[in-house]
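If you scroll down you'll find the structure; I have some questions about it.
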Amino acid sequence: MAASSLEQKLSRLEAKLKQENREARRRIDLNLDISPQRPRPIIVITLSPAPAPSQRAALQLPLANDGGSRSPSSESSPQHPTPPTRPRHMLGLPSTLFTPRSMESIEIDQKLQEIMKQTGYLTIGGQRYQAEINDLENLGEMGSGTCGQVWKMRFRKTGHIIAVKQMRRSGNKEENKRILMDLDVVLKSHDCPYIVQCFGTFITNTDVFIAMELMGTCAEKLKKRMQGPIPERILGKMTVAIVKALYYLKEKHGVIHRDVKPSNILLDERGQIKLCDFGISGRLVDSKAKTRSAGCAAYMAPERIDPPDPTKPDYDIRADVWSLGISLVELATGQFPYKNCKTDFEVLTKVLQEEPPLLPGHMGFSGDFQSFVKDCLTKDHRKRPKYNKLLEHSFIKHYEILEVDVASWFKDVMAKTESPRTSGVLSQHHLPFFSTSVTWGAWPLAAQTPFQSGVIRCRGRVPSPRRATGGSGGQPCVCAGGPGPSFTEMGPSPSPMLSNTFFTPDPGACPGASTWGLPRRRLCQLLTTSTPGCC
């Protein structure tokens with residue numbers, strides 16, 4: 001009976017993951033199938049003022065003495081006999097008139113209004129600039145995912161090169177919650193050096209644009225570029241940064257990330273390591289997460305897969321500690337620890353039934369590193385350490401003070417794994433430009449202007465011939481990374497005044513990408529592709 005109950009839970013969770021993926025694919029296809037010659041109409045929602053008292057319908061108030069009813073204006077209106085009614089018992093009603101769902105909607109609206117006050121400004125290098133989205137010059141697409149696209153842009157007023165994440169606004173409450181959560185966290189985390197920095201936002205009727213610092217690539221793509229493990233010294237510095245970022249989120253903002261994985265860990269040529277993508281982060285109530293968000297099954301903690309009461313999720317930041325442990329094993333060994341899985345169900349079953357993965361003893365890892373990973377992957381979450389305990393671990397203490405030249409290592413890896421620029425070159429004569437009246441996936445290609453030329457390794461979809469108006473069209477290319485802003489510098493800065501740009505497939509792209517470029521998880525080739533957010 002217990003085994004049957006577990007299978008039912010896993011089946012329900014797998015079904016939820018697939019449903020989320022189908023919805024994500026539907027949204028992407030909807031955006032990409034819109035005719036470019038027909039710009040998306042802007043829908044402006046206005047709240048009408050409350051009707052005057054004279055226009056309001058009379059509110060029937062039950063009388064406690066005789067069971068009848070009268071309207072508020074009954075004293076001044078002609079009296080009419082009313083049919084007899086049976087006496088009514090007055091019931092004590094709760095003082096609030098709002099359901100939890102309506103209160104949640106109100107909270108979303110309030111948060112949006114708060115963020116709207118900050119839109120239209122970029123703060124770069126301590127200087128605040130008033131700006132519009134048209135003040136940004138598009139240098140090319142850097143990547144795309146289930147929640148939008150990421151563009152490399154140049155701020156014309158200063159020449160700064162930044163990353164801009166573009167997400168479409170919709171009537172879907174869950175999508176809007178994800179956008180607002182991402183915005184809320186990055187805007188408030190400006191004082192944490194281990195979280196990707198936000199320069200500002202632009203919000204239109206159709207889109208949300210988040211201007212962020214340009215990072216090099218993510219740990220997931222680095223692993224693919226190297227085609228093997230990442231050195232322990234680099235992972236030591238990475239661990240220090242991510243644990244401190246997660247600790248900051250919990251202590252400063254009461255937030256749990258819920259999507260810790262290699263594709264959400266960013267690095268750059270300066271040696272910086274930062275955490276990104278807070279779309280499915282959750283608020284902690286009494287240090288517990290009270291809401292369920294599927295996230296990526298491959299990195300999900302056992303207590304999230306099989307909670308004591310599935311209707312009342314009740315887990316804490318130690319779920320992210322497990323995800324960090326799985327990520328470290330994957331990056332340190334060069335392969336995902338749960339091997340030969342074909343479905344989410346198989347992964348989830350292995351997480352619950354098998355012993356936690358450990359770092360192999362024959363690969364030369366230090367005892368401190370092995371001990372740290374073992375602590376993170378303690379199956380009983382009640383015995384798994386929290387951040388304050390992890391920060392006292394000898395592995396963290398060692399790499400807090402040890403000097404490691406992450407910048408040189410990063411540059412060396414990026415240089416040695418750069419792809420041939422003559423391989424698989426596709427020509428495309430136009431790049432989309434930003435306008436406050438269009439949305440991602442629906443750019444008016446016929447109206448686009450010539451763009452600067454360069455080599456851009458595409459991690460999203462190259463426009464297909466039926467949607468392009470010039471050049472040789474394109475084809476779907478392999479896609480890596482989830483919806484998180486993997487702000488990847490994919491080649492030299494484009495040179496101005498040339499007529500076209502070449503898109504060349506990236507060597508670190510996922511080999512399991514579907515024909516439409518949707519990201520797949522590494523070892524789980526699902527029939528419906530991966531869970532949104534999985535890579």
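Quick reminder: no glycine exception, Cβ is built from N, Cα and C everywhere.
Feature list, courtesy of Swiss-Prot:
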ACT_SITE  Asp259  active site, proton acceptor
BINDING   Met142, Gly143, Ser144, Gly145, Thr146, Cys147, Gly148, Gln149, Val150, Lys165  ATP binding site
COILED    2-30  coiled coil
COMPBIAS  69-79  compositional bias 'Low complexity'
DOMAIN    136-396  domain 'Protein kinase'
MOD_RES   Ala2  N-acetylalanine
MOD_RES   Ser287  phosphoserine
MOD_RES   Thr291  phosphothreonine
MOD_RES   Ser427  phosphoserine
REGION    63-93  region 'Disordered'
REGION    393-416  region 'DVD domain'
Calculate the distance in Å between the alpha carbons (Cα) of Met142 (ATP binding site) and the residue listed as 'active site, proton acceptor', and round it to a whole number.
21
What three-state secondary structure does DSSP assign to Gly148 (ATP binding site)?
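It is in a strand.
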Quick check: in three-state DSSP terms, what is Met142 (ATP binding site)?
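DSSP assigns Met142 (ATP binding site) to strand.
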Could you give the residue numbers and ranges of same-chain residues that sit at least 6 residues beyond the region 'DVD domain' (393-416) on either side and whose C-beta is under 8 angstroms from one of its C-beta atoms?
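Here the qualifying positions are 216-217, 222, 225-226, 231, 233-234, 236-237, 239-240, 243, 267-271, 273, 366, 368-369, 371-372, 375, 385.
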In Å, rounded, how far does the Cα of Asp259 (active site, proton acceptor) sit from the Cα of Val150 (ATP binding site)?
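Rounded to the nearest whole number, the Cα-Cα distance is 19 Å.
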With DSSP, how much of the region 'DVD domain' (393-416) is helix, how much strand and how much coil, in residues?
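Helix, strand and coil residues of the region 'DVD domain' (393-416) number 19 helix, 0 strand, 5 coil.
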Inside 10 Å of the Cβ of Met142 (ATP binding site), count up the other Cβ atoms and send me the figure.
27
